[in-house]
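For reference, the structure discussed in these notes is given below.
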Amino acid sequence: MRGCPEIGVGSRSGGVERTPSEDDDVKRPKLTGIGKSDEDVTLGKQQGLKGWRGVLNYLEEKGDVEVRGCTPVAYEDRRETEYSKIFTLWFCMSCNPLPVTFGMVGTMSFALSLRDAALVILFFTLVSTVPVAYMCTWGPRTGMRQLVQARFSFGKYFVSLLILLNLATLTGFCVVDSVIGGSALSAVQDGTTINATVGIVIIAILSLVISFCGFGVLHHYERWAWIPALIALIIAAGCGGQGLGHQVAVPAATASQVLSFGGLVASFMLPWAALASDFSTYMHPKAPPLRIALYTYAGLAVPTILLMTLGAAMGGATPNIASWQAGYDVNAASGVLAAMLHPAGGFGRFVTVVLAFSMLGNLSATMYSVTLNLQMLFPWLFRVPRIVFSIIITGIVIGVAVEAAKSFFLNLENFIGVIGYWSSAFIGIMLVEHLLFRGGSFAAYTEDADAWDDGEKLPVGLAALGAFLLSFGLIVPCMGQTWWTGPIAETTGDIGLEVAVVLSALLYVPMRLWEKRNPPHPPHPACDPAHVMSQPQEKAQEKLAESTSSVPQSTAAQQSDNVAHALAGAGGGLLSMALTYPLITLSTRAQVESKRAQSSTLNAARRIINREGVTGLYAGMESALFGISVTNFVYYYWYEWTRSFFEKAALKAGRASSKLTTVESMIAGAIAGSATVLMTNPIWVVNTRMTTRKSESSDESLPGAPTPAQKAPSTLGTLFALIRDEGFARLFSGVMPALVLVINPILQYTVFEQLKQMLEKRRRVTPKDAFYLGALGKLLATSITYPYITVKSRMHVAGRDGPRENMMTTFRRIINEEGYTGLYGGIGPKVTQSVITAAFLFAFKDALYAYTVQARKKLAMRRA
């Protein structure tokens, strides 16, 4: 097979030197490093094996360990021409008991016959594997991991949402793999020698060794590991072949059953699309796309169809065979396989061990992708070697898997039922971006070597984010899960996946067109063919801008700028709260519930869903969105007005800089916060009442059996009922702790502004910087002021649940009844929500402010 030509040297074929032509679709990016800088490489060579970086450099040069993280693979490093490795990798990842486990769900949980389950598996696997195979072909052409490519639609910062979702998905699969492998080891000796916990630890650590080494070792292992796995599965099927015919009689399948199980099958396949190109980035740039796609398609579809069908047969026969049922009750699918092999004696136990270790192929590859995703989550993590994350994720997987094994099939259904929806929406957006807006050309990704990591050269991502989030407005009613069945799904079955792909693609087209026509910043000089300004002219203009920036704006201009900041703050608040509202619900309920009703965040979420459905997590969201938009508009308007007042006063006083001091920032925040509290407190009283809904049942805060969900009152209905029953003054309950809490945004915004000013002295502040600074400020502010948040929430519901109390009385009652820990109820989800909301708020606000200013300029030009 042909080798990969070295850059600047060319390759020889038949004695004729050849270099790729200038019009080649794939440009050669000038990238350096394998997860480290040139300085690190030089330092490592100079120091030999001194220090951990020197050891890593040595191991990488020997080819034993891949240190490179998620940075694109340079053209000259993409030299793998054994394309069949793609097939063996996907085949090995799918040739294990994992598909068997999913197949069992069809006959055991969805009550399908073997014939119906097999047909559903066949059709939905053949269809859902297509996008994965196609997106795998992008790796050789770009050298980029899949979610790095996603930056070209979701932007550099908003792609973090996808990364978080993908990390949750991959970690969930790692947990499932570990439980299956650990349970199989436990089933060998009926748990007497090795229990499930020890088995999980063994499987996870062995997977760590492979994922630690990286791409080369992973591909080499996957190339051969599927052979014993396939033999073991064939032996298991042969030993239990007679029992597979004893299928449970079930009624004819309904459309709802077929679509719901089909959605589960597709949810098993579609998440691979978010990491498809992770395993092909080292392939030669001229790798035939059709061969890569076919290898991927066959490697995934063939074993999945066969093994899921085997699992469906096992699930249908298990209730009729006592030994299989006993194995299932203890070790789920692994127990059934062990029971099938039991007649073979010691050899059967050996085969069971082989089946347990066959999970390493899937688990190690998934862990490998997790390490890459963790590096992409935050830019500063790029400097952390990938192998460090291998160790971290192994510890996380072991801890979660041990707990998940206690109720495996229930956890499996709940997990898999959710992950497919986001993956489908992601696929729809990515395909539209690549095929429609980039014309299917890979040069659009690689012609600028730095574009993948430059926020100004990438789309902002508002179009992709908007299409992604808005699509869930119709996806949710089409979902059919054990914990939630939407009104549409009640009739049709689960069609959320189909809706996600189509709707996200349709929404993305107009939004992306609008985003391309209204960029928040002018094109980067390197990407703008119309850029003719020389460097000296640029510097002269920068100095002119600096000299004129100290001139006070006119009253009208300043008023307009205040409104722009206020609108941007309101819009940023809406978007960030919509993303994190379930965490607000959990923290608010924890703040107002009694001590005996408190539980972990996960248990609290489960109780709400069981009692009220998924919509319970969004109780009062309409009032919250209205409240946050008004609150942020008022706050940012008054803050910007106060800040401009201080800046003008500083200039009149002859101060060298008009920048606000720390004291002035705090005063501006106090004025803005006080005005906001007095104007918006009634909105938040109504929202707290709607979020807690305690008036629906006197026992609702107690754990127990699910109660029939009652229709939630509207915002206006809650407002009118509150005024009618408790009086108008009740709308201002909790004002005193709310005024004390003015220090929260003061601390947050002061920290943000001071750090921002420090950063501005060195370089321009980007939305990424705003994201991190906002998160840091909010983390500090919320941790300090949380007791007042709890007291405010208690006072908002006081009068409905008991006598009215002032702030100090509420403090004393909580401490006397629940201890000091009562003041921190729900702090976990609240801090998480606050930090995420603040981070996204400042990132959204900067982007929206840029759009607002640009729109205002365009409007002024049209009027002129």
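Even glycines carry a Cβ here, placed using N, Cα and C.
Taken verbatim from TrEMBL:
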type	residues	note
COMPBIAS	19-28	compositional bias 'Basic and acidic residues'
COMPBIAS	546-556	compositional bias 'Polar residues'
REGION	1-37	region 'Disordered'
REGION	519-556	region 'Disordered'
REPEAT	560-645	repeat 'Solcar'
REPEAT	660-758	repeat 'Solcar'
REPEAT	769-851	repeat 'Solcar'
TRANSMEM	87-111	transmembrane segment
TRANSMEM	117-136	transmembrane segment
TRANSMEM	157-181	transmembrane segment
TRANSMEM	193-218	transmembrane segment
TRANSMEM	225-245	transmembrane segment
TRANSMEM	257-280	transmembrane segment
TRANSMEM	292-314	transmembrane segment
TRANSMEM	387-409	transmembrane segment
TRANSMEM	458-483	transmembrane segment
TRANSMEM	495-514	transmembrane segment
TRANSMEM	666-686	transmembrane segment
TRANSMEM	771-791	transmembrane segment
Dominant neighbour of the transmembrane segment (292-314) in 87-111, 193-218, 458-483, 771-791, by Cβ pairs under 8 Å: 87-111
Long-range Cβ neighbours of the transmembrane segment (257-280) (under 8 Å; 6 or more residues past either end): 86, 89-90, 99, 102, 105-106, 110-112, 116-117, 120-121, 123-125, 127-129, 131-133, 135-140, 142, 144-147, 149, 162, 166, 169-170, 173, 215, 219, 287, 292, 296, 300, 304, 308, 365, 368-369, 372-373, 413, 416-417, 419-420, 423-424, 426-427, 430, 480, 492-497
The transmembrane segment (193-218) and the transmembrane segment (157-181) contact flag, 3+ Cβ pairs under 8 angstroms: yes
Mean predicted confidence [pLDDT] for the repeat 'Solcar' (660-758): 69
Long-range environment of the transmembrane segment (157-181) - Cβ separation under 8 angstroms, sequence gap at least 6: 96-98, 101, 147, 150-151, 196, 199-200, 203-204, 207, 271, 274-275, 332-334, 356-360, 362-363, 366-367, 369-370, 373-374, 376-378, 393, 396-398, 400-401, 404-405, 408, 412, 415, 419, 422-423, 426, 455, 460-462, 464-465, 468, 579, 767-768, 771, 843
